[in-house]
């Protein structure tokens with residue numbers, strides 16, 4: 001079996017995790033207590049869902065995951081929630097005091113008290129696997145636990161499980177909506193670590209997902225539950241080929257191979273289509289080419305970043321439901337002819353497609369309509385650099401005055417780490433710029449270069 005262990009860190013990671021496991025259980029017909037009703041059990045002999053669930057002797061299905069937070073409230077919600085019987089009590093780990101939005105607390109002081117318990121638990125999960133494929137990590141980079149403790153966890157996983165792939169779903173701070181003043185510090189410090197210790201990082205940003213909920217689902221005031229259920233659909237589509245069978249299955253390590261041209265350039269944009277409310281879906285015919293086009297719409301990107309400002313290096317399209325390869329090839333051919341969607345010219349093919357026959361499942365009482373087919377796109381675009389430069393500007397404004405730095409230094413961090421992380425990000429921005437112009441046609445901003453041709 002090719003198992004995957006999910007690690008949910010901090011409030012954002014855990015709440016996204018709740019939405020994901022709720023959806024996975026619905027998709028596999030597993031009840032909130034982990035049992036699979038007898039009528040489902042016959043259907044389940046394909047066993048593919050064992051990549052995410054392990055089955056106990058008593059016929060109970062337990063998710064292969066760990067929930068960690070440095071303070072108890074969010075984990076307690078899982079302990080008392082609908083799915084409390086699904087998880088093994090040891091998988092829900094909480095500390096006593098929180099990281100207080102401080103990277104240094106999560107990474108150094110408070111984090112190191114909890115890290116060994118977590119790694120021990122992960123070790124038990126890993127021993128229970130026959131062929132561990134890798135880890136999915138869920139966290140936010142703006143807070144203290146997700147950023148500081150999340151990075152500590154990734155660093156330790158790199159040591160213990162060097163060759164296993166690590167995919168990270170990071171909730172990135174939004175341009176306008178902020179939840180903490182020190183977000184820029186935490187983000188820059190944690191990206192410094194993400195650069196080295198993850199193989200693929202998928203950027204999600206609340207503001208972008210708010211806008212999608214408002215625009216496409218007509219929700220006036222989206223809640224975190226609305227957002228997380230949408231994120232869960234993306235994660236479900238990505239992992240569907242591990243959990244069900246299909247025409248073109250895509251492995252976790254395949255993402256890496258197809259999406260990451262250079263080790264550092266591994267920050268991905270994601271989009272999902274169709275995001276439609278039940279009232280609208282009733283009147284629309286959502287063909288393969290239509291959903292493919294809307295996956296490339298800038299407004300449907302799950303991070304505030306306009307791919308028209310950059311070029312695509314590679315793209316992974318994961319279709320699910322009633323889709324045949326012929327339609328996919330036609331849709332991709334149409335995309336390639338569009339002038340608005342530009343690829344770097346050193347990567348002429350640029351598309352990796354996966355098809356899975358299991359149609360998307362929706363949460364009863366949720367906002368999304370039940371549709372026959374859906375697509376999730378993960379793309380590597382040079383435009384993501386604008387997300388970093390936005391963050392770096394905010395970081396510079398604060399760091400020039402050394403504002404709030406004493407909180408970090410007081411927790412045992414050195415000031416040099418700030419400048420080191422910031423330089424690393426400056427180098428990353430430069431990398432993205434160079435990837436875009438590495439060939440003959442030059443880039444818009446590089447006029448002198450272009451004049452020669």
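Glycine too: its Cβ is placed from the backbone N, Cα and C atoms.
Going by what Swiss-Prot states, the GTP site holds 11, 144, 145, 179, 206, 228, and the candidate of 71, 90, 284, 290 recorded there is 71. Listed in sequence order, 10, 70, 98, 99, 100, 101, 102, 103, 105, 106, 186 are the same-chain residues at least 6 apart in sequence whose CB falls under 8 Å from the CB of residue 144 (GTP binding site). Maximum intra-site Cα distance, GTP binding residues 11, 71, 144, 145, 179, 206, 228: 22 Å.
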